[in-house]
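J.: This is the structure I want to talk about, given as structure tokens.
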Amino acid sequence: KGKFRQNQSWVSEFILLGFSSDPTTNRILFIAFLLLYLSSVLGNGLIVTLICLDMHLHTSMYFFLCILSLLDMGSVTTTMPQMLVHLLAQSQTISFAGCWLQMYMFGALGLTESIFFVVMAYDRYVAICYPPRYAVILSWGLCTWLSAGTWACGFFFFVIHTFFTMRLPYCGLACMDTNLIAMVDLVISVFMVVAPLSLIVASYIRIAQAILKIKSMQPRCKAFSICASHLTVVTFFYAPATYIYIRPNSRYSPEQDKQISLFYNVFTVLLNPVVYILRNKDIKRAFLKVIQEGEKATMVEIHDDS
């Protein structure tokens with residue numbers, strides 16, 4: 001959120017309003033947001049590292065989880081460092097080009113992640129509904145194409161939104177007919193929320209039907225466990241996204257938007273590694289293995305030094 005500074009007929013920079021004008025409050029917020037940011041990056045970075053190091057995690061499911069963690073780290077890094085700087089800095093401005101780049105990267109990564117959740121839902125669908133053919137259907141070639149396709153779609157479609165938004169003249173608010181950008185926003189909302197969420201729901205309906213046909217309780221519980229982490233992350237991603245992009249304009253509230261955007265950008269990203277590390281036995285096993293190997297290496301170094 002911000003105001004702007006204008007030089008005759010063109011905007012040179014925006015003034016970020018932030019959360020508070022009180023320096024003491026800003027310092028407290030800086031420490032809190034810094035801890036959240038570092039936890040988010042370290043948590044998602046840990047997942048990427050564990051998946052790369054452990055050969056047992058070199059499957060399509062963990063390949064997709066690795067991509068999700070990279071998307072989350074990119075998304076939170078797009079906005080949080082800038083916010084941390086402005087919480088302590090005297091200048092609260094951001095250049096027009098910097099604002100353009102930040103908006104594009106954040107939106108493109110968010111749209112990519114939204115589409116990528118559909119790919120992850122398809123992975124769960126194949127794993128549960130067609131377990132004998134899982135490795136054949138989701139070959140490494142298909143996984144690579146699906147991942148590259150989601151990145152390409154996200155970054156391409158958000159170019160359109162950013163282009164039309166930044167071409168608007170600004171005079172307090174955009175001082176021209178904004179029907180075109182509203183239509184672009186509607187199309188982006190369909191691509192970002194409605195279509196992906198519909199495909200995810202359809203996938204999980206088929207998954208639930210397949211799970212209910214399993215007679216043995218242990219395989220049924222394992223199948224539910226496989227889907228639980230993904231469903232949790234999807235819920236916390238789409239709930240605030242649906243509110244932000246689908247709600248009517250009459251319910252617009254700048255202050256409430258700040259809070260929801262903070263949850264959407266920071267807490268959801270922090271939630272992903274917490275959910276997957278705590279609930280996924282393979283990730284926990286890989287983590288414990290790395291710790292044990294580190295302890296062994298430390299003991300060897302101490303023995304050599306002595």
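Cβ coordinates come from backbone N, Cα and C, glycine included.
Keep in mind that TrEMBL annotations are predicted by a computer and have not been checked by a curator.
Summarising the annotation, TrEMBL assigns domain 'G-protein coupled receptors family 1 profile' to 43-276. Feature annotation from TrEMBL assigns transmembrane segment to 28-53, 60-80, 100-122, 134-160, 180-202, 223-246, 261-278.
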J.: Honestly, do the transmembrane segment (223-246) and the transmembrane segment (261-278) touch, with at least three Cβ pairs under 8 Å and pairs 6 or more apart in sequence?
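T.: Judged by the Cβ rule, the two regions touch, with the required three close pairs present.
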J.: List, by number or range, the same-chain residues at least 6 past the transmembrane segment (28-53) whose CB is under 8 A from its CB atoms?
T.: 19-20, 62-63, 65-66, 69-70, 72-73, 76-77, 80-81, 83-84, 87-88, 266-267, 269-270, 272-274, 276-277, 283, 286-287, 290
